[in-house]
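Per Swiss-Prot, the features are:
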- S158, I159, D178, T239, A240, R241, D265, H288, I289, G290, S291: NAD(+) binding site (BINDING)
- R241: active site (ACT_SITE)
- E270: active site (ACT_SITE)
- H288: active site, proton donor (ACT_SITE)
Amino acid sequence: MSKKKILITWPLPEAAMARARESYDVIAHGDDPKITIDEMIETAKSVDALLITLNEKCRKEVIDRIPENIKCISTYSIGFDHIDLDACKARGIKVGNAPHGVTVATAEIAMLLLLGSARRAGEGEKMIRTRSWPGWEPLELVGEKLDNKTLGIYGFGSIGQALAKRAQGFDMDIDYFDTHRASSSDEASYQATFHDSLDSLLSVSQFFSLNAPSTPETRYFFNKATIKSLPQGAIVVNTARGDLVDNELVVAALEAGRLAYAGFDVFAGEPNINEGYYDLPNTFLFPHIGSAATQAREDMAHQANDLIDALFGGADMSYALA
């Protein structure tokens with residue numbers, strides 16, 4: 001029996017690539033240059049499944065162009081806002097993501113952003129690299145400690161809970177809001193206080209972490225009203241999705257001192273981010289590295305393979321996103 005064919009749009013960790021090649025005829029696109037949507041659709045004519053990344057924006061107009069032989073789209077990411085699930089359902093295309101491998105890695109980056117923002121690490125690092133450090137001074141780069149401060153977590157799924165676990169080690173008070181309340185045992189484990197509204201959570205959050213998925217309901221929720229509800233001088237971090245944030249208003253709040261600091265790993269329109277962030281000293285910015293740990297990326301790649309294996313192996317597909 002001939003092997004099924006799959007297109008992998010970016011190079012994956014070698015172990016995952018080797019696994020895919022054992023089971024399928026693999027067409028693997030390199031990362032230089034990046035694959036275009038037109039190239040992906042053209043190649044899709046000769047394969048049975050696509051293994052994509054968040055760089056390939058599969059909106060409805062793209063899904064409508066994908067040939068009928070495509071049975072599955074598996075994405076090498078926890079997020080799936082780059083795929084129009086309704087369009088895939090209408091076409092009978094199964095969709096899966098990699099939800100588990102990134103949890104700890106992303107929570108670690110969120111914790112790093114909290115620490116780096118609170119202690120003004122980016123400013124200090126820049127001072128060293130630009131050879132502008134004048135030497136120790138009593139009031140230079142004075143930041144905030146984390147202990148006994150309230151961390152508000154918006155989105156208490158696996159990453160939000162993993163962040164709570166790490167913040168406990170810094171003696172932070174954990175508060176959260178989610179549309180689905182955690183179990184009483186989880187709340188006890190993380191010593192987490194549930195708020196029944198976002199406004200209630202915001203009002204006590206000296207530190208505020210965005211850990212919600214990008215949906216029509218959450219998109220650009222972090223806006224003027226949200227910022228106004230936070231305590232004066234709050235610190236906000238985002239490891240979720242860039243389009244949760246209204247960047248113009250965040251930049252203005254940072255310039256005015258309404259927000260003390262922002263630590264962001266994700267941005268709307270990345271890699272082209274809002275110009276206002278570049279010159280602000282009170283930002284601690286990373287280039288979307290939340291899952292960039294060796295084991296996490298390997299786990300993600302294997303999970304992306306799992307969905308394709310399940311489809312072609314006739315396994316239960318009830319867990320698929322579409």
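Here the Cβ of each residue, glycine as well, is placed from N, Cα and C on the backbone.
Because the structure is a prediction, the values reported are computed rather than measured.
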Among S158, S291, the one of these binding-site residues whose Cβ has the fewest neighbouring Cβ atoms within 10 Å:
S158
Which is it, of A240, I289: the one of these binding-site residues whose Cβ has the most other Cβ atoms within 10 Å?
A240
Listed active-site residues (R241, H288), ranked by Cβ neighbours within 10 Å, top entry:
R241
Of D178, D265, E270 (the recorded positions), the residue whose Cβ has the fewest other Cβ atoms within 10 Å:
E270
If you measure from the CA of the residue listed as 'active site, proton donor' out to 10 Å, which recorded positions from the list S158, D178, E270 are inside that radius?
E270
D265 (NAD(+) binding site) to R241 (active site) - Cα separation in whole Å:
9
